[in-house]
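For reference, the structure is listed below as structure tokens.
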Amino acid sequence: MNLAWVSANWPRIWDLTVQHALIALVPVVLSLVIAVPIGWASHRSRLARRTLLPFSSILYAVPSLPLFVLLPVILGTRILDPVNVVVALTVYGVALLVRTAADAFDTVGLATRDDALAHGHSPGQVFWRVALPLAGPALLAGLRVVSASTLSLVSVGALIGVPSLGYFFTDGYRRAFPTEIWVGIIGTVVLAAVFDLVLVAIGRVLLPWVRATDRTRA
Amino acid sequence: MIRFEHVNKTYPDGTVAVADFSLEVPSHQVAVLLGSSGCGKTTLMRMVNRMVEPTSGDVWIDDDRVSDLDPVKLRRRIGYVMQSGGLLPHRSTIDNVATVPLLGGSTRRAAHARARELLELVGLPESVARRYPSQLSGGQRQRVGVARALAADPNILLMDEPFGAVDPVVRNELQAWLLQIQDELAKTILFVTHDVDEAFLLGQEVLVLRTGAEVAQQGTPAEILLEPADDFVHHFIGGSRRHLHTEVRDGRRLVVDADGRVAGVATDPTGPA
């Protein structure tokens with residue numbers, strides 16, 4: 001590990017870390033926003049479950065590199081446009097999260113939903129005030145997986161020239177310079193840890209009953 | 001007032017949950033639907049707040065036919081207590097009690113003030129307000145369930161085996177307490193239970209139901225106890241357990257049933273032997 005190189009290149013490392021984080025952040029947020037309605041539909045309708053869930057599993061099986069190369073053709077974007085990576089990673093995130101979301105809604109007790117209806121929640125209020133918050137803990141667990149997976153997949157974008165910490169892998173490998181590769185690895189791991197901590201913190205704020213009731217059971 | 005007019009509920013597969021049921025529960029009275037599970041008593045109750053739509057017939061509350069009302073608004077003006085307590089597990093006690101006023105458009109401050117009044121009315125200490133349902137005892141949960149049902153000050157309360165899931169000591173306590181607050185509040189209550197003693201304790205009018213919500217007998221507890229309409233009712237309310245006589249054993253006058261089991265102590269020392 002050549003620390004002199006690290007300090008000499010710090011501004012570049014910081015710059016690529018920020019880019020990496022931004023490219024990862026958008027797909028993580030979009031995955032949640034897109035997967036929740038699809039998961040809800042799959043929970044509500046047998047037809048949706050039979051079509052949407054297998055389709056999302058197939059999407060996840062598409063290899064990432066060809067997808068990065070293919071998307072500019074489909075979307076009409078430039079090959080170096082970060083949008084390609086963002087769209088591809090959103091596809092993977094949604095694929096990962098849809099089944100979790102459907103299962104999360106399944107676990108919200110029928111009795112609880114029935115009770116909410118009987119007390120005068122409209123169907124929309126049942127979703128926003130009851131089903132979504134109660135699915136929250138499982139959705140959060142799924143989102144943490146999506147976040148880690150997305151942060152590591154962003155690196156692949158470096159192969160098609162979209163700047164991220166992945167650049168240090170390709171460049172370090174090309175120059176046979178292990179320090180650079182280590183910087184890429186450590187940077188990605190640290191980013192993944194930070195994302196995870198932020199998600200957990202958001203969960204604590206939005207899902208306060210989870211901790212309170214866990215303490216009771218323990 | 002709650003009125004059922006010839007309601008029938010037949011499911012698409014041909015199952016008849018309710019054959020032909022009529023009943024009027026006058027305002028401020030407690031009517032109990034008593035029957036075993038599967039007799040259709042819960043189905044009847046859920047027709048009042050349109051959680052179940054009758055296949056034919058009408059249900060009225062006060063002067064409104066429920067099928068003419070918007071189901072969401074209708075449900076907000078009827079208090080409902082379920083067996084499980086049915087509280088929202090992710091909301092604190094006070095938020096659970098404030099649910100219906102909040103849905104009805106009250107401000108958070110007003111709804112919470114109302115919820116605090118109700119927690120006091122149902123005899124719960126201030127300290128439970130911030131707890132979640134899973135942190136409460138079974139008896140406390142049922143009290144919160146009743147507080148929530150009363151929060152929007154409905155004329156009508158539907159209670160579906162509300163004390164079925166708590167132990168007998170707590171159940172007796174909750175029954176006595178319900179009678180006490182009913183003295184004060186005078187709601188129109190439709191109460192569903194399979195517990196004969198509970199039905200006779202709480203109901204001014206009791207309906208013994210058989211399968212298909214067919215009324216085997218309707219009357220005051222005393223009428224049903226003294227003159228069971230048929231063998232079904234006789235057995236359902238306890239059969240020989242209800243035929244009591246007194247006997248002197250070891251110098252005490254005991255009340256004994258037809259099989260010789262002791263049912264209690266006679267406190268009237270000059271009563272007939």
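Every residue gets a Cβ built from N, Cα and C, even glycine.
What TrEMBL lists as domain 'ABC transmembrane type-1' is A:17-207.
The transmembrane segment annotation in TrEMBL covers A:20-40 (among others). When Cβ-Cβ distances below 8 Å are used as the criterion, the transmembrane segment (A:20-40) is approached by residues 48, 52, 56, 82, 85-86, 89-90, 92-94, 96-102, 104-105, 127, 131-132, 139, 142-143, 146-147, 150-151, 154-155, 157, 162, 164-166, 187-188, 191, 195 of the same chain, each at least six residues removed from its ends.
The transmembrane segment annotation in TrEMBL covers A:52-75 (among others).
According to TrEMBL, the feature transmembrane segment maps to A:126-143 (among others).
Residues or ranges marked as transmembrane segment in TrEMBL: A:150-169 (among others). Proximity of distant same-chain residues to the transmembrane segment (A:150-169), defined by a Cβ-Cβ separation under 8 Å and at least 6 residues beyond the stretch ends, is recorded for 13, 16-17, 19-20, 23-24, 27-28, 31, 64-65, 68-69, 79-82, 84-85, 88-89, 92-93, 180-181, 183-185, 187-188, 191-192, 195.
As annotated by TrEMBL, transmembrane segment applies to A:181-207 (among others). Residues 1, 6, 13, 16-17, 20-21, 24, 28, 133, 136-137, 140, 143-144, 147-148, 151-152, 155, 165-169, 172-173 of the same chain lie 6+ residues outside the transmembrane segment (A:181-207) yet bring a C-beta within less than 8 angstroms of a C-beta in it.
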Who are the long-range neighbours of the transmembrane segment (A:126-143) in its own chain, taking Cβ under 8 Å and residues 6 or more past its ends? 28, 31-32, 35-36, 40, 96-97, 100-101, 103-105, 107-108, 112-113, 116-117, 199-200, 202-203, 206-207, 210
